[in-house]
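Feature annotations, courtesy of Swiss-Prot:
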type: BINDING; residues: 16, 54, 76; note: Mg(2+) 1 binding site
type: BINDING; residues: 16, 140; note: Mg(2+) 2 binding site
type: DOMAIN; residues: 7-148; note: domain 'RNase H type-1'
């Protein structure tokens with residue numbers, strides 16, 4: 001466990017994506033914390049997928065940072081976790097093709113995310129969704145609210 005002086009220098013980020021229908025109305029949300037300051041961000045898109053919104057949440061959160069940072073980033077998305085920690089370098093090496101030689105889905109977002117992750121020192125943390133993790137619950141609410149707001153706006 002890092003001591004409090006080390007912990008104060010870490011940007012804590014929680015991200016989540018949501019989709020009402022898949023594909024359908026999507027939203028993303030992120031919560032950033034640093035030295036007692038907190039920033040909540042969200043956005044939406046239609047049509048989209050839950051996986052695109054999960055990726056967009058991480059991209060938008062990292063894009064908020066103005067200089068290289070030490071980050072602890074939590075997500076409930078196995079897709080994001082496995083993509084970044086297990087698959088992305090193989091995809092890149094294979095010209096953005098999967099092991100089955102099929103084009104990587106969401107390669108546009110994976111490429112953006114890869115470029116952003118290279119600017120920071122990131123500790124990736126998977127958390128179980130809808131299991132009472134306060135920051136994940138907040139990110140989930142931001143994402144869900146953004147998707148619902150877009151759905152209501154487009155149906156009005």
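For all residues, glycine too, the Cβ spot is worked out from N, Cα and C.
Taking the features listed in Swiss-Prot, we show where each one sits on the structure.
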residue: 16; record: Mg(2+) 1 binding site; DSSP class: strand
residue: 54; record: Mg(2+) 1 binding site; DSSP class: helix
residue: 76; record: Mg(2+) 1 binding site; DSSP class: coil
residue: 140; record: Mg(2+) 2 binding site; DSSP class: helix
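Cβ-based neighbour count (10 Å, all protein chains) for residue 76 (Mg(2+) 1 binding site) stands at 22. Taking the centroid of the Cβ atoms of 16, 54, 76 as the Mg(2+) 1 site, the other same-chain residues with Cβ within 8 Å of it are 15, 17, 57, 75, 77, 80, 129, 136, 139, 140, 143. Proximity of residue 140 (Mg(2+) 2 binding site) to non-local residues of its own chain (separation of 6 or more, Cβ distance below 8 Å) is seen for 16, 18, 29, 76, 129, 130, given in sequence order. Counting neighbouring Cβ atoms within 10 Å of each of the binding-site residues (16, 54), the lowest count belongs to 54.
Averaged across the domain 'RNase H type-1' (7-148), pLDDT for the predicted model comes to 96.
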